[in-house]
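Now, the feature entries from Swiss-Prot:
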- 24-37: compositional bias 'Low complexity' (COMPBIAS)
- 71-85: compositional bias 'Gly residues' (COMPBIAS)
- 89-99: compositional bias 'Polar residues' (COMPBIAS)
- Asn114: N-linked glycosylation site (CARBOHYD)
- Cys125-Cys577: disulfide bond (DISULFID)
- Cys142-Cys533: disulfide bond (DISULFID)
- Cys215-Cys280: disulfide bond (DISULFID)
- Asn238: N-linked glycosylation site (CARBOHYD)
- Asn369: N-linked glycosylation site (CARBOHYD)
- Cys372-Cys420: disulfide bond (DISULFID)
- Asn409: N-linked glycosylation site (CARBOHYD)
- Asn414: N-linked glycosylation site (CARBOHYD)
- Asn426: N-linked glycosylation site (CARBOHYD)
- Asn481: N-linked glycosylation site (CARBOHYD)
- Asn485: N-linked glycosylation site (CARBOHYD)
- Cys608-Cys645: disulfide bond (DISULFID)
- Asn620: N-linked glycosylation site (CARBOHYD)
- 786-806: transmembrane segment (TRANSMEM)
Amino acid sequence: MGPPPPLRRQRLLLPRPSRRRPPARLASGRRSSRPGSSWTWYATLIASLVWYPTVSSTTLEATVVSSTDGGATGQASGGGGGGAGDSTPSESPETSADTTVPRERVTGTEWVSNLTSERYPYRICSMSQGTDIVRFARTITCAPYDAKSVSTEGIMLIYKANIVPYTFDVFTYQKELFFQRSYAYIYTTYLLGNSREHVALPLWEVDAANIWNYCYSSYVRTIGTEQYVSYHQDSYRNETMWLIPEEYQSGNTRRYVTVKDQYHVYGSTWLYKETCSMNCIVTQTKAKSKYPYDYFALSSGLVVEASPFYDTVNGHTFHENRRKFHVREQYRMLERFGAVNAPVRVVPKMAFLERPDIVLAWEIKEPKNVTCHLALWETVNRAIRTEHATSFHFVSRGLTATFVTAKANETLYNNSRYDCIRDSANRTIDRVFREEYDGKYELDGDPVIFTTNGGLTVVWQGLRQKALAALSALAGIPGANGTTNHSRHRRDTAAIAAREHASDLTYAQLQFAYDTIRDYVNQAIGHIAEAWCLEQRRTGEMLHELSKINPSSMLTAIYDRPIAARLAGDVIALAKCVEVDQDTVQVQRDMRKFETSVDGTEEQGQFCYSRPVVLFRFVNSSETQYGQLGEDNEILLGTFRTEACQLPSLKIFVAGKVAYEYRDYLYKRQIDLDSIDVVNTMISLKVEPLENTDFQVLELYSRGELKSANVFDLEDIMREYNAHKLRLRYITSKIVNPIPPFMRGLDDFMSGLGAAGKGLGLVLGAVGGAVASVVGGFVSFFTNPFGSLTLIILVVAVVVIVFLLYQRQRSAVRQPLDFFFPYLAQQTQRHQQTVTTTEYLDSPPPYAERDSYKSGPPDPAAEGLGGSGALPGSSATAATKYTTEDAWQMLLAIRRLDEEKREVPTMVAPSARPPSQQGPGLLDRIRRRGYRRLRDTGSDSELA
């Protein structure tokens, strides 16, 4: 228990020591007052200084009139220190009071300030006038609990939707045409590609496979007006091929083929060739069809949009090509394929469906002989049917489930929908009745069928005790099943079909739990309500009588708020209490009443206050009022409530969240309310707890049923797929390591050098990878046949170019003048017969000044060589010996001749620079090898 809550202003003053007197002196009624006592004077001074702003030391007088009987019960007068003696009354129709109290000693240390309130505020209820009138109800009637439910016993059969599909055998017939194309190189043969095509066998070949266990090695296809024939191994012969079992089988599929290896022959070198391999495939597999059997699916994943029971005349679903559908009766076929002399069986009705790539065949059977859309789930030997406003509740405590159905029902007999369960349901009901009820009960009507909200089907057979049946017969009441009172009609087939796919037992278990809890709670609440009603009636009578003693307390407890009430005849008048300023409420520490003797001294009288004196103010008022502390923080006006002083005395008064203890009418201490025991007046309601109900985990469908529910079995499909994969003979795989070995070694080496080496290795690796990629590209290009051919052409072209350059260079070396000056040879041949030779014996031929070497353009008027017209190479000059100067002059003449011959291109492009201003070209450098260039200016004498 914690400490008491702190007061608001924390100014609780201790009692004055002068008031702590021995009990003997208190009993005498005398009070010692010695002015010479220093500690008494000091305490009085401190108290006067502290409480002077709040409490006036003037004489106060008060007159209080009782609010109960309308008369005055007491009056007191007294005097005190000087001060205001006038009073300000606060009147009401029954109570009047002024602001004076009997003259007594009042100091600041005699008050407990900063009080708290917990439930009700400090208020005055005796001043209020009643405005509202109430009375207690005394005519309360209590009705007993009635469940209002009709229950019937019976036998219940619960059927679930049969989610296991109809499974049957299907035969498929097809031919696989495999075309392989290849290219033969010198030493290597490349498989360029292949195509695989599946085609359907014609019906006559299907009959041959079913009866004789073989098919043919050719296939004819008509496209437009043309026929295309393919032969196995390109033999161009139509031969029979026997069916043999394939090695790869599964639990639901058996496959028979004619060849196990694919045929292919390579062509000649540098030639393409395409071959054909033909394989007949007969497959015996399983197909599944789910209610309402509108389609079925094979284990390979193939779906047929037709009912397996369609025979061209019944009304079952069929959405395939009717022209490709055939039905044969009394059809003969082998019991198994791939065997020699296998037995033959006769199928009453066989269906064939042709598709472009496959032929399917299956046996047609009667649906009622092989299928049923309902399956028995549970048999409840003892069940209860409870009738409600719009529904029936079928309760099975053994299953801990409640099944809710509508009141509409169907009969088990004369209903074709339930032909598949009628016989078994009747046998089960008869067996349960003989074992459980024979001799005590009798059947109440015929079995009827209900459909639950969870999608289940309930077959209900009502029962009735033989004793009740005999009484009903004596009373003339016709015995009938409870279900016959309701209309029976045929439900919509579409609604029932939708209902059968929504089975869920969670709803049934939840409904059972709700019904169990509802019945228990409703019964308990009904009994509690009845007992509560009786208790309220008794309590009303008791409160009516107690209100005659203290109406305010009774009405405050009833309305749970402060109310001022008083009797007004046979009714009660109500009014609201007046709240005071909560911060100004203070309680006096001394409950003794003092009187003034003849000599003017204050002495304790024979009477003490029965309740502590309270000091307070009204809201929006500065005048201090006095009263006495009542119950629940109520302030009683006046201080006339006294009693004869009794010693020893112990009184505890509750104010807010705390209590004040007074011993011998003096304040002792403050007590926490939690430390005071409470008298418990609460009447406990004893209700039996709800009994434990262990819910059972119900399994509507087993794992096998759930696995078989889907027409597509993933396991079978994957096994079939893997079987096809194992049949692939040629699997090409190529693993290329893009990192060359030397690059990996370089990377390991660089990584050992640290961070710098690793970074450098990354750079070198990138560069090396790029180089390797480029080189690899060239290598792969040249290893390709087209790349090799291109390389050969390039090599031949390079050889031819080198040979031509070699011949040209050789011609230039052998005849440089003819090579570099081809026009000179042409001119020599043209003027060979007309040119004369001038012979110079002793001195060189004279040269004109214009014939000297100049850097400027040549003179267009100059013709011939030296003006004589003699041509070099003539017979005359050949025998003549020339000096060095003559050779020099000849070269100058050749230069001028070359410039003249090249003058024509210069005239075509006038914007180009003249030859004299252009730098020496390759031809000039070749012609002038071994010579030095002469100066542009100078006479012929300077040449020497």
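Here the Cβ of each residue, glycine as well, is placed from N, Cα and C on the backbone.
Remember, predicted model here, so these are calculated numbers, not experimental data.
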If one measures from the C-alpha of Asn238 (N-linked glycosylation site) to the C-alpha of Cys142 (disulfide bond), what distance in angstrom results, rounded to a whole number?
103
Helix, strand or coil by DSSP: which one applies to Cys608 (disulfide bond)?
strand
Out of Cys280, Cys608, which of the disulfide-bonded residues is least crowded by other Cβ atoms within 10 Å?
Cys608
If you count Cβ atoms within 10 Å of the Cβ of Cys142 (disulfide bond), leaving out that atom itself, what do you get?
13
Between Asn238, Asn426, Asn620, which of the glycosylation sites has its C-beta surrounded by the fewest other C-beta atoms within 10 Å?
Asn620
Rank the disulfide-bonded residues Cys125, Cys420, Cys533, Cys577, Cys645 by the number of other Cβ atoms within 10 Å of each Cβ, and give the residue at the low end.
Cys533
How many Å separate the Cα atoms of Cys280 (disulfide bond) and Asn369 (N-linked glycosylation site)?
35
May I ask for the distance between Cys645 (disulfide bond) and Cys125 (disulfide bond), taken between their Cα atoms and rounded to an integer number of Å?
28
Neighbourhood of Cys215 (disulfide bond), C-beta criterion under 8 angstroms, separation at least six:
Lys175, Leu201, Glu205, Ala208, Ala209, Thr240, Met241, Leu243, Thr258, Cys280
For Asn409 (N-linked glycosylation site), which of the disulfide-bonded residues Cys142, Cys577, Cys608 has the nearest Cα in space?
Cys142
Pairwise CA distance, Asn369 (N-linked glycosylation site) versus Asn426 (N-linked glycosylation site), rounded so that it is a whole Å:
19
What residue among the glycosylation sites Asn369, Asn409, Asn414 has the most other CB atoms lying within 10 A of its CB?
Asn409
DSSP state at Cys645 (disulfide bond), helix/strand/coil:
coil
So for Cys372 (disulfide bond), how many other CB atoms are inside 10 Å of its CB?
19
Could you check which of the recorded positions (Cys125, Cys142, Asn414, Cys533, Cys577) sits closest to Cys608 (disulfide bond), going Cα to Cα?
Cys125
Rounded inter-Cα distance in Å - Cys420 (disulfide bond), Cys533 (disulfide bond):
58
Based on Cα distances to Cys125 (disulfide bond), point out the closest of the disulfide-bonded residues Cys142, Cys372, Cys533.
Cys533
Rounded distance in angstrom between the Cα atoms of Asn620 (N-linked glycosylation site) and Cys372 (disulfide bond):
92
